[in-house]
Amino acid sequence: MPESFTGRGDPVGEGGLTASELLALDRRHVWHPYGPMPGREEPLLVESAAGVRLRLAEPVEGRRELVDGMSSWWSAIHGYNHPVLNAAATEQLGRMSHVMFGGLTHEPAVRLSRRLVDITPEGLEHVFLADSGSVSVEVALKMCLQYQRSRGRPRRQRLLTWRGGYHGDTWNPMSVCDPDGGMHGLWAGVLPRQVFADAPPSGFDAAVDPVYAAHLRELVARHADELAAVIVEPVVQGAGGMRFHSPAYLRVLREACDEHDVLLVLDEIATGFGRTGALFACGHAGIAPDVLCLGKALTGGYLTMAATLCTSRVAEGISRGEVPVLAHGPTFMGNPLAAAVADASLGLLLGQDWAAEVARVESGLRAGLEPVRALPGVRDVRVLGAVGVVQLDGPVDTAAAGRAAVREGVWLRPFRDTVYTMPPYVTGDEDVARICAGVRAAVAASVEATAATGTAAR
Ligand SMILES: *Cc1c(COP(=O)(O)O)cnc(C)c1O
């Protein structure tokens, strides 16, 4: 426990609990992402957030305010406590925060769906509003299997993906996550067995590797009889390791899918809404998927909502089948509050020169992170859009790295062998520079800590 949190401090909020009491209760009762119970790491207690800053209940490492380098898992693209999003939420709250979506509909869901159809690639006409990214992937996969079944190909039940991916934590998404280095290796043998291509060669600008392209084509052809769909993250593989690849491989997959009547699902939950410099990452490749998953930044980081879009071919295929309905309907499907905020968030994004803002953040990240390449222990530095990644030679000492970033006044959450940032698009130039200083400090601290404990090579 950091010293600043032990046994003192004024009550936080109206519950009358001090910061140290809250943290003790948290440790005893509250499960955190990807953690054990009781928790091992010490979370930071956040009191409020505004703009690009998180305000802590008490200082940690001498800092009460942290510049947010994570956008709350890549979702808060406009920053926190934004007046336009607050107004949308408050206004909708005055009408209704939720009604069921079976047999009822409402303006926020209709407006949002029409906007999503308008801004996504040509051909995606229909929208299923889900309540999280993982669920939107489940829905996408169910759509694909059901489409194939409806067309009289019930054997087409498997999926093809490439290694290094991440598609969520529920069952079927886990089956297409990276099977080796990923978080779900424990379940190999229990999960549905999918077809894995090698991970795409690294580098957004790298020349196309014809051997790899042939590998993709061959694998789709060989398994075509049993494949319902190919699912990949376009251009940036996020939680599987923050790797970038050439958009050309997406064109290869599109062609191979068309040739063998396999559906192409693109998971843009992380890359959508401008993050990579294109409004959707498939725009870099000039292709459109049959099914598209969106989430994370959809509501500007305010509420949980995701969307699965599909073409009329997919929808009609399903609707002509033996069971002509999509049997899926989350209780909070189409939640009006989330939909209203999502529509306002998209209005904010599209109402400005978002591409210029992302390009501005990109050049700040390039300037600030390129020098990190020279530090010992650094394998690679890469930047695309508002994504900046420093890859180390081995696993990051996440505790040491995180603490060093906090000391610089920056919130980062390194994982695996990367220290990375995906800041809000509204992050000013000085704050982008500060985030880069935080990344540099985190990298240096991790390398020092692993050298000290002799774990660097493991
Ligand atoms: C985060 C993420 C998901 C899962 O979304 P949740 O809302 O966390 O369920 C799926 N795919 C990609 C690419 C993601 O980045």
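Cβ coordinates come from backbone N, Cα and C, glycine included.
Features reported for this protein in TrEMBL:
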| type | residues | note |
| --- | --- | --- |
| BINDING | TRP73, TYR166, LYS296, GLY329, ARG413 | substrate binding site |
| BINDING | GLY133, SER134, ASP267, PRO330, THR331 | pyridoxal 5'-phosphate binding site |
| MOD_RES | LYS296 | N6-(pyridoxal phosphate)lysine |
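In the three-state DSSP scheme, ASP267 (pyridoxal 5'-phosphate binding site) is classed as strand. The 6 Å Cβ screen around ligand 1 retains GLY133, SER134, ASP267 from the binding-site residues GLY133, SER134, ASP267, GLY329, ARG413, ordered by sequence position. Neighbour counts were taken at the CB atom with a 10 A radius for the binding-site residues LYS296, ARG413; the maximum falls on LYS296. Sequence-distant neighbours of PRO330 (pyridoxal 5'-phosphate binding site) (same chain, 6+ residues apart, CB-CB distance under 8 A): ALA130, ASP131, VAL135. In sequence order, LYS296 constitute the residues six or more apart from TRP73 (substrate binding site) in its chain with CB-CB distances below 8 Å. Around SER134 (pyridoxal 5'-phosphate binding site), a 10 Å sphere centred on its CB holds 21 further CB atoms from the protein chains shown.
Within 10 Å of the Cβ of GLY133 (pyridoxal 5'-phosphate binding site) there are 30 other Cβ atoms, across all protein chains.
Under the DSSP three-state reduction, GLY133 (pyridoxal 5'-phosphate binding site) is assigned to helix. Among the binding-site residues TYR166, GLY329, ARG413, the ones whose Cα sits within 10 Å of the Cα of ASP267 (pyridoxal 5'-phosphate binding site) are TYR166.
The two recorded residues, SER134 (pyridoxal 5'-phosphate binding site) and TYR166 (substrate binding site), have Cα atoms 10 Å apart. Under DSSP, ARG413 (substrate binding site) is assigned to coil, being neither helix nor strand in the three-state scheme. Summarising the substrate site geometry, the residues cited as binding it (TRP73, TYR166, LYS296, GLY329, ARG413) extend over a maximum Cα to Cα distance of 34 Å.
Recorded residues GLY133 (pyridoxal 5'-phosphate binding site) and ARG413 (substrate binding site) have their alpha carbons 20 Å apart, per Cα-Cα distance. Around the Cβ of GLY329 (substrate binding site), the number of neighbouring Cβ atoms within 10 Å comes to 13. Of the recorded residues, ARG413 (substrate binding site) and THR331 (pyridoxal 5'-phosphate binding site) place their C-alpha atoms 32 Å from one another. Mapped onto three states, the DSSP output places PRO330 (pyridoxal 5'-phosphate binding site) in coil.
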